[in-house]
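Feature annotations, reproduced from Swiss-Prot:
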- 10-20: compositional bias 'Polar residues' (COMPBIAS)
- 75, 104, 105, 106, 254, 275, 276, 277, 278, 279, 325, 326, 327: S-adenosyl-L-methionine binding site (BINDING)
- 94-314: domain 'SET' (DOMAIN)
- 513: phosphoserine (MOD_RES)
- 555-572: compositional bias 'Polar residues' (COMPBIAS)
- 573-582: compositional bias 'Basic and acidic residues' (COMPBIAS)
- 583-594: compositional bias 'Polar residues' (COMPBIAS)
């Protein structure tokens, strides 16, 4: 969105002439592809691998300097052309203007009073860059032959963007010319800036994003140079790493899912004008109207003339914002830290615990989240920890007898403990685990706060330090919360307080004709609030009834900018890992839906 550009926007119109030969770059990219396709490094070796990959990438960037396609002037010089183009093609352009909000970057400012829930912005399909428009473009022949482009719409969209940027007469030039020339995603971080993220929970995703992007570039460089269907692509003679990083970041920070024209499925899209809106806390207020075939956005709240118009991107953590959007949101009520937990197969009760978890729809090993808000754990994590800490007798109670299914229903409900002893154990475990994670950081909370007072820090360095500080603060709160809960349940146990009795009327159950197939609503989607679908995530802005009528892609946890659930992310990454093992042509865009 507008916030992504804090740097000078280079513009010129054509690529410069470089002396480096395609064969020389081909040799370097082959080396890069081999390095990026090697097995994952062992514990403690990720940084070393990152530096090695980065060294190769920088060598390629240096040799390609001057080859990239750029434009003349500043980004904002093209805003009038964008508004004119949008207006001529049926988009709304009244009631707002594009303005530089300094720290937040460019955004939309109201030029009149706008009421909450008022429809103020709409963008018809013809203005959107989509996977479908990519298929029908000069990229089409290569798309029809390359299985990576076919399988990963985000990569297809990135190449679509590159091809159109290199085509002076492209229909989308008025839009493309207003995109930032650089972003603040970790793909653009200097090595010293990435170093600030060492020991954080987010660093693994940063490494993965960088490695996957480098691997994709190396693979596609060879495709562009050797595939017969790539001969007519306008980027054939100037496909640089810098170009690919830019395209990937443009897509990563902006893409969303919209319905196809017949409404039968979804497709990825870039949405001009709308993608200038910056983020604030709130609710999803963007939808897709199939009847009018356009993206629509209603006001999140009342906006007076002269105020910035915000939208809600969704329930993203700050790690997701930094890695995928290139900014840190200071007042993020949805911030959280990933925590990997699993039942050891060496546990003598493993089989029983695995069965109880399976009945609750929870895997024996997964990535959960510790939340900034109270309570620090979700119903899914509570259920997992309860099973993790169960005795053999408690496990039997959840597996055998007429009341077993009822006990499964209560696993994620804090009002119905398995036992006081079980609660003491799980909160003790969580306290210890969060404490151990805190000790892995190389700096303290106080030291981070002190460093942030240094005005010489770059914007990206500040983001990195804020991110690691935020992680520590969440972990510290989790430790304190766990300690309070531990003592409360210990007191209940010492006083031999009676356990609350479960009654079916206490919980909402999913309707089903087969009793044993019912699952408690609270456990149905693992860590549902930890992330959301990679979709245009559009909640009905006015009413659910109208949403159904208009054919909007809805979802309470859906958000703009291509976020997805942690479970979905893990599943997709697993599939990608399998594909990567098959050969160099299997590649992915980590975090660039993503």
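FYI, residue positions are counted from 1 along the chain as it appears here.
Glycine is treated like the rest: Cβ placed from N, Cα and C.
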> Average pLDDT across the domain 'SET' (94-314)?
Replying inline: 95
> Taking the Cβ of residue 327 (S-adenosyl-L-methionine binding site) as the centre, how many other Cβ atoms fall within a 10 Å radius?
Replying inline: 23
> Just how spread out is the S-adenosyl-L-methionine site if you go by the largest Cα to Cα distance in Å among 75, 104, 105, 106, 254, 275, 276, 277, 278, 279, 325, 326, 327?
Replying inline: 21
